[in-house]
Amino acid sequence: MANADLAHVRSEEAPTLPAPVSTTGAIGWMRKNLFSSVGNTILTFIGIWLAYSIIAPIIQFAFIDAVWTGDDRQACLATQEGQTVGACWAYVKAYLPQFIYGRYPLEERWRVDVVFVLLVFTMVPLLIPSLPRKGLNAILFLVVFPVVAYFLLTGLVIGDNVILPIVQTAQWGGLLVTLVIAVTGIVASLPLGIALALGRRSQMPIVKLVSIIFIEFWRGVPLITVLFMASVVLPLFLPDGVTFDKLLRVLIGVTLFASAYMAEVVRGGLQAIPKGQYEGAQALGLRFWPMMYLIILPQALKMVIPGIVNTFIGLFKDTTLVLIVGMFDLLGQIQSSFSDPNWSTPTQSYTGYLFATAIFFVFCFGMSRYSIFMERKLHTGHKR
Amino acid sequence: MAVLEQDTAATPARASLMNDPKIRGIFYQVLLVAFLVLSGWFIVSNTIVNLERQNIASGFGFLDNTAGFGIIQTLVPYAETSSYGQALFAGFLNTLLVAVVGIALATVLGFVAGIARLSPNWVISQIAYWYVEILRNVPLLLQIFFWYFAVLRAVPGKRDKWSLFDTFHLNIGGLRAPKPLFESGSDIVFYALLAAIAATVFIARWARKRQEATGQQFPSLLTGFGLILGLPLITFFVMGMPIGLEHPVFNETGPMLQRGFQLNVGINVIPEFLALTVALAIYTSAFIAEIVRAGIQAVSHGQTEAAHALGLRQGPTLRLVIIPQAMRVIIPPLTSQYLNLTKNSSLAVAIAFPDLVSVGGTVLNQTGQAIEVIAVWMMVYLSLSLLTSMFMNWYNQRMALVER
């Protein structure tokens with residue numbers, strides 16, 4: 001028997017066939033992720049129905065049925081029987097300046113705008129890791145910006161020369177107050193938090209005890225009680241005649257509160273630094289503060305950027321609580337606009353809350369995305 | 001040894017005492033204590049002067065005075081003639097009520113959302129993702145306002161209602177539900193329930209011991225279910241159904257002013273409570289979902305593979321291998337979320353639900369005893385958080401990995 005003419009023996013490689021249509025592309029993806037089994041298929045349809053029944057009414061309300069222009073409530077009322085009126089964006093448009101500036105005087109609002117612009121120009125470069133000169137940038141944002149912003153917002157009078165007219169903080173409101181409280185809270189609580197974190201890890205028993213008591217006290221009480229304390233009790237603690245601005249009192253309360261959380265975040269970073277770093281620094285002859293300043297803190301703080309951003313998100317959301325002690329942040333301003341009879345319509349509160357939700361969501365979601373981005377970026381740095 | 005000691009003794013005295021870390025440490029600590037004492041004295045003396053000037057008596061004596069204000073929902077008997085102390089206590093119980101109901105709801109929602117987030121089904125996991133992201137990125141106070149001022153104001157008015165199964169009714173006055181009526185003999189049903197729980201615990205222990213000794217399994221979970229559900233049910237019927245339901249009464253006819261729900265029939269859940277609890281539960285559930293997701297993901301896939309290699313099916317793999325390890329990661333942050341929910345329930349003051357802070361605010365306005373009221377608040381919340389951290393320490397010790 002000669003083997004030479006056995007036809008079924010291949011003499012060359014078979015051509016590679018494309019994968020079956022059912023396992024690749026959109027169909028393959030759907031089969032794998034949506035319809036892999038009977039139960040999964042049912043789940044998919046329930047999920048689609050659920051998503052549709054939630055999203056469709058919102059889109060209907062916010063866009064399709066919405067009223068975009070108008071001068072008063074008449075624009076947002078149903079003109080004939082059975083007509084559904086959605087979001088009253090005309091009301092938001094009319095109130096937008098109040099939502100941003102509160103009752104800040106009209107002719108001085110450019111000062112607030114300048115502060116917003118400065119905030120963006122000093123903070124954003126600090127957050128982008130690839131940009132150089134972080135040290136200078138940090139000084140600009142943490143030291144120069146607060147001073148400039150303070151004088152821009154409150155006013156500047158030298159002697160008898162009114163360079164910038166004084167604006168009382170009672171006239172501030174809206175997004176301005178939200179940002180002032182959140183940014184001040186975070187900027188002021190950072191150094192305090194670092195000090196407390198170092199204190200909690202200190203060898204000195206009394207320093208350690210005091211730090212622990214301070215941190216656990218502020219972390220254990222709700223922010224509302226802190227705000228009540230700041231607005232009601234703080235004046236009692238001061239000598240007769242010494243009074244604080246209400247906003248300043250709230251800022252002190254928020255800062256103390258935030259610094260306890262900040263301390264725990266920073267402590268996490270300090271704990272993550274290997275002991276060899278401390279020992280190496282000490283072996284080089286560095287004392288405590290140079291060691292912290294040059295070796296430990298730069299590494300620890302970099303590591304906890306996501307934690308700091310998360311604290312900031314929490315603080316940003318928590319600023320809404322100041323409306324309970326009678327200040328008007330963004331939410332407070334929106335809430336108080338509901339009492340205006342000129343715009344009182346059935347959909348007014350929904351519109352206001354939808355607007356507030358959108359603003360807060362954009363800010364907080366953006367920051368949380370940034371925090372995740374930093375976490376990934378920092379994580380790869382530690383994989384060897 | 002002797003040589004060494006001689007050497008140290010021979011070294012010359014240090015140039016400055018400040019270079020000795022020990023002495024420097026003591027110096028700084030003395031400085032800190034002096035600073036704290038001084039600022040404490042400053043605050044106390046100022047406060048005393050200020051209080052005298054405003055004619056406010058300090059101390060907790062005011063707690064015995066008559067409160068004179070009503071509370072819309074109390075768990076203990078309370079009237080306007082009760083004292084401030086009783087008012088604060090009623091508020092504290094309301095805080096606990098919101099916390100307990102909120103925690104139960106948030107846990108269920110959070111676990112569902114967290115597991116849904118890990119679902120291989122793309123639609124389900126996307127829904128869970130946006131649920132979590134939207135809810136945790138919007139301030140809680142805004143959510144409470146939304147539920148209270150937008151949703152619960154859109155329900156029918158006093159003379160109308162929405163009904164579910166003709167048992168639960170919702171209108172502007174809140175949620176109405178049937179109230180259980182305990183007649184004579186109902187206590188025996190209750191004892192039966194207790195006996196069933198005790199028996200279940202006993203059986204579970206015995207089953208575990210037997211399994212450890214012989215390897216034979218006993219379906220203790222099913223038996224437990226059967227006992228806890230069955231025993232009270234049988235007693236219930238044997239005793240002649242001693243527990244009845246008092247349905248809310250809705251008058252549709254009659255004089256206009258008397259239409260609507262009759263007072264004090266059935267259970268009435270006030271809208272403030274509904275809005276607060278729902279908002280707290282949903283907000284916290286978003287955080288719990290993330291904790292659950294992270295916890296399950298923290299168990300490496302090798303564990304699943306090893307369990308499968310040992311011949312365990314999907315169910316036992318989850319129950320015996322994945323969940324116990326995931327719980328170790330989940331429970332500590334979960335407890336701190338529970339504590340957060342409890343602390344956040346203080347936002348009740350914004351919609352005037354009478355919790356501890358809300359009632360305390362009224363007391364504060366009436367008496368001017370700001371320091372005392374705030375001290376009460378802080379003491380209550382601090383002890384709650386202390387209790388929680390004690391539990392956490394105990395749990396962490398119990399659950400710590402026993403390593404070689």
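Note that the numbers count up from 1, one per residue, in the order the chain is shown.
For all residues, glycine too, the Cβ spot is worked out from N, Cα and C.
Heads up, TrEMBL stuff is auto-annotated, nobody curated it.
Here TrEMBL flags B:92-392 as domain 'ABC transmembrane type-1'. Summarising the annotation, TrEMBL assigns transmembrane segment to B:26-44, B:56-76, B:88-116, B:128-150, B:188-207, B:219-245, B:265-289, B:347-368, B:374-395.
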Exercise. Of the listed stretches (B:56-76, B:219-245, B:265-289, B:347-368), which one yields the highest count of Cβ-Cβ distances below 8 Å with the transmembrane segment (B:88-116)?
Worked result: B:265-289
Problem set entry | Touch test for the transmembrane segment (B:56-76) and the transmembrane segment (B:374-395), at least 3 Cβ pairs under 8 Å | no
For this session: Considering only the recorded stretches B:188-207, B:219-245, B:347-368, state which has the highest number of Cβ pairs under 8 Å to the transmembrane segment (B:128-150).
Result: B:347-368
Exercise. Who are the long-range neighbours of the transmembrane segment (B:347-368) in its own chain, taking Cβ under 8 Å and residues 6 or more past its ends?
Worked result: 54, 56, 62, 65, 67-69, 71-74, 84, 87-88, 90-92, 94-95, 98, 140-141, 144-145, 148, 270, 272-273, 275-276, 374, 376-377, 380
Exercise. Near the transmembrane segment (B:219-245), which residues from the same chain, at least 6 beyond its ends, have a CB less than 8 A from one of its CBs?
Worked result: 178-186, 188-190, 192-193, 195-197, 199-200, 203-204, 207-208
Problem set entry | Contacting positions for the transmembrane segment (B:188-207) when only residues 6+ beyond its ends and CB under 8 Å are counted | 217-218, 220, 223-224, 227-228, 230-232, 234-236, 239, 242-243
